[in-house]
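Report on the structure given below.
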Amino acid sequence: AIATVIKQSASLPYQENNSMNIVATTSVPMSPTSQAAQHPSHQHQQQRSSSNVYDFQTLAELANRDYQNGNYERAEQHCLQLYRQEPDNTSLLLLLSSIYFQMRRYDQSMSFSLLATKLNPRLAEAYSNLGNVYKEKGMLKEALEHYTKALSIKPDFTDGYINYSAALIANGDMEGAVNAYARALQYNPDLYGVRNDLGNLLKALGHLEEAKACYLKAIETQPNFAVAWSNLGCIFNCQGEMWLAIHHFEKAVSLDPNFLDAHINLGNVLKEARIFDRAVMAYLRALSLAPNHPIIHGNLACVYYEQGFIDLAIETYRRAIEIQPNFPDAYCNLANALKVQGKISDAEECYNTALHLCPTHADSLNNLANIRREQGHVEDAILLYKRALDVLPEFAAAHSNLASVLQQQGRLQDALQHYKNAISIQPTFADAYSNMGNTLKEIGDIQSALQCYARAIHINPAFADAHSNLASIHKDTGNIPDAIQSYKTALKLKPDFPDAYCNLAHCLQIICDWTDYDLRLKKIAAIVQEQLDKNRLPSVHPHHSMLYPLTSEQRR
């Protein structure tokens, strides 16, 4: 008997942390000591000589402090008082422009920036502020023109380069954005937030080593910058350095216990490493920060599923769907859990709901095909597997599953090609190696089949089906001792494995090993009866049935 593995698929988005801009600026009157890259900037205002300098300066400091603290309405009130005293104060105009920008009152922000440019046509900060407004309005051409104007006036304007980069990214010019970030860092190498954002951009472009260098430099500049630690963890995860990824995510959450994305990333990588208890803890900490985050609930449910806590997984998937009804991944994974419980109709309904929400949901197409196949609707299954591959040509599981159906239909060369595709896409796909070994054995290429089974076992030493398949070749070629050893290994890994047990019993009879003979006969008879009762193909070959105490009805 040959064991064929049908691959079930489940996926949820891997969420990395969002970028964060932290830009240091010169401390001058009416200018924040720090501001985000999208925040409009302000210019130094020369000393006033009026008799109420003290009152003006005190009110200006209050306005600036309120602005920095996000109290924009109070800052606006202070500034309007000042504006009545000095309507030609360009620093005041810039601060009002900044306040209205933060309040999303873009037309008023633009008006004060334009007033500033009329008073001082060489005021770079005002042109940058105008660029910010145009960018928020979706007028990227005008935004880029105003950022360029600001930088032509003030070539060392770091805020201008940062805002220019954001507009270039929005316009799809990633390489231009990289160059703009680099210029900002030339003028101020200590902008660790900008260094981090440059790393994010380089990572998005696939330049992982350059991105890693940026994150490392950001950490060197500011060792307590949790965002860079988390982003560096993402790089290590992309490069397959799982333990380094875990270390960096743990460092990020130790620096900032409220850093939600780092907790999520830590949970994700622990899940991938199959360190399920710690993954659960990471997700639960994330949920303590964001109780209604559907992706966290979905990923937590995936861990419960892997741990075998199916009821808890179902409950948690349902919670994710309750929070976010338009969540095809959660419906797909809920269906997987329902299928484990034997609730096939409910599982089908969930797969179909996922496909209603997202007709190109490849995992649901693949998994629904598995159900159709198990129901005997082979042609429907083939169509669904092919639809999954039309959506996602690099879908290794669908290639392997389609191959196994084609193999059953006798289309062995087509099956081999799909197995090869699966392995090319996913070189560590043990299931595909084992299944391809089955096809090669059927063709008669025994040596290649042996190599496939050995490769599957090398990838996954606990792969019971591959050990059993390897044993079947040893048995068929007369290598009974090795067959016995491989069957015993398969049964040690998977005690409830009828095919392996019945084949092992036959091997033991071949070499006249009568240890526990009566017990073996009784167990084989029980296995066959159970399989017949469930309308399954018996594990005992018909030619061998006379060796066991089976009834004439069972033999028939």
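Each residue, glycine too, has its Cβ placed from N, Cα and C.
Lifted from TrEMBL, the feature list:
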COMPBIAS  34-51  compositional bias 'Low complexity'
DOMAIN    511-555  domain 'O-GlcNAc transferase C-terminal'
REGION    30-51  region 'Disordered'
REPEAT    124-157  repeat 'TPR'
REPEAT    158-191  repeat 'TPR'
REPEAT    192-225  repeat 'TPR'
REPEAT    226-259  repeat 'TPR'
REPEAT    260-293  repeat 'TPR'
REPEAT    294-327  repeat 'TPR'
REPEAT    328-361  repeat 'TPR'
REPEAT    362-395  repeat 'TPR'
REPEAT    396-429  repeat 'TPR'
REPEAT    430-463  repeat 'TPR'
REPEAT    464-497  repeat 'TPR'
#### Entry: Residue numbers, six or more beyond the limits of the repeat 'TPR' (464-497), whose CB comes under 8 Å of its CB atoms
1-5, 430, 433-434, 437-438, 441, 446, 449-450, 453-454, 456-457, 503-504, 506-508, 510-511
### Within the predicted model, mean pLDDT of the repeat 'TPR' (294-327)
96
### Task
Count up the helix, strand and coil residues in the repeat 'TPR' (430-463) according to DSSP, in that order.
28 helix, 0 strand, 6 coil
### Query
With DSSP, how much of the repeat 'TPR' (328-361) is helix, how much strand and how much coil, in residues?
27 helix, 0 strand, 7 coil
